[in-house]
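This report refers to the structure that appears directly beneath it.
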Amino acid sequence: MSVRPPIAMLAELTHRCPLACPYCSNPLELLGKDKELDTRTWVRVFNEAAEMGVLQLALSGGEPASRPDLVDLTAAAHQAGLYTNLITSGIGLTPKRLDALEQAGLDHVQLSLQGVNAGIADWVGGYKGGFDRKMMIAEELKRRGIPLTLNAVMHRQNLDDLEETIEMAVDLGARRLEVACVQFHGWAQKNRHMLLPTREQTEAAKQIVAEAEARLRGVMAFDFVPPDYYAEYPKACMGGWASAGINISPDGKVLPCHAAETIPHLEFDSVRDKSLKEIWFDGAAFNAYRGTDWMPDPCQSCDRKEIDFGGCRCQAMAIAGDASATDPVCSRSPMHGRVTDLLADALSETSNEFVYRRLSRSA
Amino acid sequence: MLEIGHSDRPYLPRGVRIVEDRVRGGRILLAPEKAVALDAIGEAILDRVNGEATFGAIVKDLADTYEAPQGQIAADVQRFMMGLRSRIFLRVKT
Ligand code: SF4
Ligand code: SF4
């Protein structure tokens, strides 16, 4: 199999974040500031990435605006020829900082949305006043004409506000709305009982998105990630494991995807020790599930193996206890019963509290 | 809603641009969180998109350059542009 270079890089500049969303995709063991790569190393990584064929860079976190050098990093990425995309909650951005980011060549902003009003958004984000500050920044982005995607993370607590969410995205001038139903990795697994939508919500969401998509054609584009526990087949793993995207954690570990660290037997190389190219082409973690040879049955003999690539390795790890198993979300998986059980459990639990994402003091 | 009129002037909005792909060769349309490799036809169309030229003028220019019937070219260009417009990779001035 000939391995092609990655197209997109996700740079998790930091795990620090003023918000504490209970579905954060960062690992449970968050890294502190002292573990983060310095400016120079990030700049080197961006240049290596561009040279090996990466076109798109997402500056992410945690909250990337928590890095005081965000503007310098953006400028360096832009100079390297990368398309720069800032993935932010908006907290930590100011008009002055936006001036500097625009000057530095920032191409696009993806703004997260926790809810359509302060009541729900600040509860979900665990940060009082966050919604109002976010809306201020959203208005700034609109006024400046900075290309905007709104990333609405949806779950049981806010799916009933989907129509309002769509109207809000249109009002804010977003070109694109991601209706991203929570995927159960990292912190979201701790909050399944609060986050898992009901089957009714799931069906309603599909209809609402389909209707809005038709109505808003040419005005706003949609990307819909439905909740996959109810699906017949799993969500496709990107274009297959280690085929298109590369992730860098705040301390420089190079990951095939943001959740890959949940697979305990994989070892990850660091940009501190090796070149990005070496890691991408020869790294053990990258080659572990590349292509289709690693697949067990039913995937190996399945007509969908080039469509969904056996689903998510991290989900197979989490639910089947084996990262090389068929994703248990798949109705053809021998472990599918575990998903049905998880669904029933999550919907019957009565707690009304989130487990918020926090930096543990020992880390 | 997506169809482009004869006198509309298509343009690439801020955040959408065309770059050379130094590693793979060819040209790429870069847009928010998306990279689209352009084939020769896509390139020929987008080379003529500048916010000034109308859809009609672009079609005529292409038909003249490639000595192809205008009706055929118009259909191809329309399909290509509608695809981009549905993702807001292309907008038009009316
Ligand atoms: S058996 Fe494997 S390849 Fe087939 S649909 Fe299920 S997850 Fe996908
Ligand atoms: S393994 Fe799972 S989380 Fe990772 S990219 Fe594939 S689908 Fe996404």
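In case you wondered, yes, glycine gets a Cβ from its N, Cα and C as well.
These numbers come from a predicted model, not from an experiment.
The feature domain 'Radical SAM core' is assigned by TrEMBL to A:3-220. The [4Fe-4S] cluster binding site annotation in TrEMBL covers A:C17, A:C21, A:C24.
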Would you mind listing, in sequence order, the residues at least six apart from A:C24 ([4Fe-4S] cluster binding site) in the same chain with a Cβ closer than 8 Å to its Cβ?
A:C17, A:G186, A:W187, A:A188, A:R357
Other than its own, how many Cβ atoms are within 10 Å of the Cβ belonging to A:C17 ([4Fe-4S] cluster binding site)?
24
Taking the Cβ of A:C21 ([4Fe-4S] cluster binding site) as reference, which residues of that chain separated by at least 6 in sequence fall under 8 Å from it?
A:S112, A:Q114, A:V124, A:G125, A:G126, A:V153, A:W187, A:Y356, A:R357
Please list, in sequence order, every residue of the chain apart from A:C17, A:C21, A:C24 whose Cβ lies within 8 Å of the Cβ centroid of the [4Fe-4S] cluster site.
A:L19, A:A20, A:Y23, A:N26, A:G62, A:E63, A:S89, A:G125, A:W187, A:R357
Summarise the model's confidence over the domain 'Radical SAM core' (A:3-220) as a mean pLDDT value.
95
